[in-house]
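As structure tokens, the structure follows; a few thoughts come after it.
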Amino acid sequence: MDMEIDASKDVRLINDDDLFKAAETGDSSVFTALTPHQLSQSLSLRNEDDRSLLHVAVSSGHADVVKILVTADQSTKVINCADEEGWAPIHSAASIGRSDILDTLLSGGADVNLKNDGGRTALHYASSKGWLKIAETLISHGAKINSKDKVGCTPLHRAASTGNSELCELLIEEGAEVDATDKAGQTPLMNAVICQNKEVALLLIRHGADVDVEDGEGFTVLGRASIEFRPALIDAAKTMVEG
């Protein structure tokens, strides 16, 4: 689709590739030069990965272009559309940790609980990357705390693997199940132990995480822990039992 635009009173043609390049590089002037009708038409464009201009602008971190495209998307169909892997723009915004872009998407009607093909929500990605502020924003907009992805992991499972204790604390305070199990039978505490995240492991135990639960292979938390890690886990568990 070629579009005729007026730039500094010189009429020129712009093709799909030019628009995707502008979205990737953050050249907002290309989009402001389009008429409202042309801008609306451009929203339906897709590249070889079935990604829209909004997908590209978000993942490239260009807030100005994102605002232009979101404002033009009156139906919110584009803001919640998925690429070939099921990623919507909100997944990318959460993954790269851009609060400003996330705010624009949410204000424009982005579905905070959309899942991609892996069953992950934006909160899963914020938790995987350790983005506390992003997680706070998503939760304030109704993100489901205990949503499970296709392998059964909740956001707390993901956060426990990152070692971000503040994020884990937030999720727990907002109702995350500390003993939720994934399809392998592993809990957030097991994830923390496997990833050698001592501070998070002790935090989870203080919040009542079960140290005796067995995963699908018959290992307990202590069984998954390294020799060096075990004494701290045992002491923490004893402290909880003794009150």
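From the backbone N, Cα and C atoms, a Cβ is placed for every residue, glycine too.
Quick look at what TrEMBL lists:
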REPEAT    49-81  repeat 'ANK'
REPEAT    85-117  repeat 'ANK'
REPEAT    118-150  repeat 'ANK'
REPEAT    151-183  repeat 'ANK'
REPEAT    184-216  repeat 'ANK'
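Within the chain carrying the repeat 'ANK' (151-183), a Cβ under 8 angstroms from the stretch's Cβ atoms is held by residues 118-119, 121, 123-124, 126-132, 135-136, 139, 145, 189, 191-192, 194-195, 197, 199-201, 203-204, 207-210, 213, 215-216, all 6 or more beyond its ends.
Within its own chain, the repeat 'ANK' (118-150) is flanked in space by residues 85-86, 90-91, 93-95, 97, 99, 102-103, 106, 112, 156, 158-159, 161-164, 166-167, 170-171, 174-177, 180, 182, which lie at least six positions past its ends and keep a Cβ under 8 Å from the stretch. Here the repeat 'ANK' (85-117) is broken down by DSSP into helix, strand and coil counts: 17 helix, 0 strand, 16 coil.
On the 0 to 100 pLDDT scale, the repeat 'ANK' (151-183) averages 98 in the predicted structure. Assigned with DSSP, the residues of the repeat 'ANK' (151-183) fall into helix, strand and coil as follows: 17 helix, 0 strand, 16 coil.
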